[in-house]
Each structure stands twice: as C-alpha cells, then as structure tokens.
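Below is one structure, written out as structure tokens, with a few remarks after it.
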Amino acid sequence: MVVFLFILYRQSDLKFKSMNGVIIVNTLKKRLFVATTMIWGLSVTLPVLAEYKPIEQPVEPANPSLKIESRNDLFKEKYPKQYQTWADTSKSTDLDSVNYEDPRVIVLWAGYAFAKDYKKPRGHFYAVTDVREILRTAAPMTPDAGPMPMACWSCKSPDVPRLIAERGEAGYFGATWASGGSEVVNPIGCADCHDTTSKDFAEGKPALRIARPYVLRALEKIDHKFDTSDRTDQRAALCANCHVEYYFAGDLKQVTFPWDNGITVDAMEKYYDDIGFVDWTHAVSKAPMLKAQHPDYETWMLGVHGKNGVTCIDCHMPKVQGADGKVYTDHQIGNPFNAFEHTCANCHDQSKEKLQAMVKSRKTEIKDVMLRLEDQLVAAHFEAKAAWEAGATKEEMKEALQDIRHAQWRWDYAAAGHGGHIHAPDVLLKVIGTGLDKSSDARTKLVRVLAKHGITDPVQLPDISTAENAWKATGVDIEKERKAKAEFLKTVVPQWDKEAREKGLLPAEK
C-alpha cells in the first residue's frame, strides 16, 4: 500500500510538471499529507555520502621500450583508403550547442564547467581542436595555469599514450592541461587503436593495441583482459579507450574507470558513494554531484547488440569495397545509416526507412522522459536553494541532496552517452525511470524541510527559457568567459602549434 500511494502521486505530478514548473510543488504538498501520514514511521533512511577516501590506483612507470608513433599523417601513403576515410570525419562539422537547445542543462550543471559550454559531438578529426576551443577548458595563458588537469587531454589524441610511455602515469597526470598544449596535437587517430611501429602493421595487418595503461587495468576488472580476448572483444574494447564513464582520481587526477562493482548505473553509483567521490558541489542546491562522461561501451555491453556480439566496429566502421575491388575498413566513423548496406542490412531484413523510423521513435520516447526528469531536477535544485535560505541545516538537507545526486547521475548517464537509444533503449528507459523516482523522493523531502521552516507557498522558479536567462540565474558571466577564450585562442594556441612543429610532432606549414 505504501509503494502504491507513492506511485499514484508521482504519476500525477509528472503530468502537471510538463505544463507548469510551479504547479507541481503545490500538487506535491497536497498529496504529501495524504501519503506521508500513513508512512511517516515506515520511511527508510538512506545512507548519506561518506567522506572522500580515494582508492589508491596503480601508477604505471615510464616505458621507454614502448614505441608509439602518434603522427597520423605518416600513414597517409601506406594506407590511403583508411587515411582518407579517417580524414573524412572532418566532414562532420556541426557544432550545435546543447546549452542553447536545452537551457535546463545550465541549471543542472550550475557551478561546473559544462554549464558554460556543451556541444553535440562531431568527427574525430576535430578532437584536439574542440577541446582547445570549448569554454570548459578556460583560457590558461601560461603552462602552469589552471583550472583543468592534464587528464582532460586523455581521450583526444594518440600523443597521450606516447607521453605516458615517455613520462609514466605520474609524470603525465601530474601536470596541468595547459602544459600539454604543444605535446598533444594529433587528433584521435592511428596509434590510438593500432601498434603503428610493429612489423604486423607494416605488413598490412591490424596490429590492434591499447596503449593507455588505465584502460587495460579497467578491462581486467570486468574480466575482459585485452591480450587474451578474442578478436571480436578486442575490436569493441578499442572504443573503451574513450567512450566510457571515468573520473579523475586523487590528487594526481588520474583517469580511472569506476568498474570495481560492475558497469551498470547502480554499480558505478555505489562505487562513487562508497569512496565519497564528488565531481562538484552544485552552485544552486549545494548537492554533492556526479558528472557522467559518455558510458557508451557500458550501455553497448548491456544492450541487445553487445549481448549478441555485434560490435562498435560492425556498425560504425564496416568493411567496404574500394574502386580497385579490394576490401578495407571504412574509418569514417559515423552514423550506421550512412552505410546501411554494409552495416544494418547485414543483420536486419527491414528497409532502411523502416529501421530509421523505429530508431527515431525510440529516440523521441527516451528524450520525452529525459526532459521530464530534467524538469524535476531543475525544480529540486531551486527548492533546495529556498530551503537553505529559509534556515535549513545540513542534517535536515542531507537525504534530499543525496536523492538529487542519485537522480541527476541517472539523467546524466543517459544524456551524456552517444546512441544509447539504439544501443540499449531498454536500459536507458529504466535508468531515467529510476531517476524520476529519486527526484520525486528529493522533492518530497524538500517539501517537509520547507514546511518545517515556514515555507508553504510554491517555490517560484526563475525564467530559464533561454541560455542567457539560465546563465544569469546561475551566476555565469558568459561574455567574460568568451572574451578570455578568444584571447587564449589568438595568442596561446598558435604558439602551441609552432612549438609542436619545432618538435616534429606536426608537419611543417605549407
């Protein structure tokens, strides 16, 4: 009966929420006294966040014998088809801003760099360019300036495993992002997936390799040791170089995958809670937040394709036939529908149009419930702010803030990924659904706290209908950020490229 009562008011609240962000608070108050009168003595107290105690991570020493050739342009002549299709990822030029498309995210990430600038992904060719230009990396004018650590380069370039081999993990991670500007200059390319210095590679064989030590360690945690995996698992694991959930551990800010308990949203959440890890404290609600990255490998493994051995490569890098009749792997990683006959049609009997309609429908359904969760979270953050302003104590707030943390972690797990609506739509819907439950739990608890401090009227939400309004509501001076970045791109980045050419890491200017 208790659970049934809660489900009743949650479903009703969600219908109101899609119409008006203020009405839901009032609706929630009315139902609260009906439902909680019967269950007050039966409520379960959830464990609150522990003090941060980072797990000590292995640190790989320098390995001078590991040779990594990170310059993509050196392989243009030997592998012209592969190189040209890789270069064709430059045709993916759109830089649509999620912040402008959906200003709610500015509130959800308030106090974190993603609130300033978050764009939809484009081709691997732009990996280095985009991380330089994004407002999130700020405008460090000297090598020692912050705020970002060296770890922020880790997914962007084959220069990263080269530097780790040369310096060791402590030497690589223990530096600022700005200090790597003239070293990390080649975008995601050949040496990220292949042993480009090996005899096998020279003879035209794939020579698949993962050279980032932290990735190899993570794969072992889930019994996917790369060296002993079969070819299918190895091909998929290459994408785990980057398309995974991770965090920066300890003072070293070492890239670490939270896979000790498994790869599900609950398993990773437990890992973070057990060690008390917090990405940032929310600027509005003061909740101890987690920021999901892009758990694509995890959702793929949990979905129908992963369970049936259909890998990332099968769908995004198919075998195609060149004009000379020879078959090669297409390196223009992108939408499988762009190469339908070589990807989807290998397994599916449906027409391209029918499959596209099915995928579009799933995407729309997931987006709809995701936006409902965003609305709940936006309201929860501002209701928490109102509770603090009314005099709430840390003890009174801790359970509601923990619910906000868990709810937004689930939203972000679904939102941050690429293609989850096709990789594992059932997984995403479940994740978002439990996020809605937890956001409702948070708001229920906040109503009690607000009432205890004399707040019985609905909490008025600020106008966040545009990105500019949302930045204003959360205290972001976006024009100041843009001006600083423009100066950085004008003065610092050209110097980085000049130094990289002097080191031989980039080809000479033509």
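Cβ atoms here come from the backbone N, Cα and C positions, even for glycine.
Per Swiss-Prot, the heme c 3 site holds C239, C242, H243; the candidate it also names there, chosen from H124, H348, H381, H406, is H124. Swiss-Prot names C344, C347, H348 as heme c 5 ligands; from the candidate set H305, H331, the record adds H305 to that same site.
In terms of Cα spacing, the binding-site residues K156, C239, H294, C312, H316, H348 that come within 10 Å of H331 (heme c 2 binding site) are H316. Long-range Cβ proximity for H423 (heme c 4 binding site), meaning a same-chain Cβ under 8 A and a gap of 6 or more residues, is found for D296, T299, W300, G303, H305, G306, G417.
For C312 (heme c 4 binding site), the count of additional Cβ atoms within 10 Å of its Cβ stands at 22 [all protein chains shown]. Within 8 Å of the centroid defined by the CB atoms of C152, C155, K156, the record's heme site, lie the Cβ atoms of A127, V131, A151, W153, S154, S157, V160, V184, C242, excluding the listed residues themselves.
Checking each of the binding-site residues C152, K156, C347, H348 against H243 (heme c 3 binding site) by C-alpha distance, the shortest gap belongs to K156. Here the binding-site residues are C152, C315, C347; the one with the fewest Cβ atoms within 10 Å of its Cβ is C347. Apart from C190, C193, H194, H331, the heme c 2 site neighbourhood in this chain, defined by C-beta within 8 angstroms of the site C-beta centre, holds Q82, W86, G189, A191, D192, T196. In this structure, the binding-site residues H194, H294, H305, H348 were compared by how many other Cβ atoms lie within 10 Å of their Cβ, and the smallest count belongs to H348.
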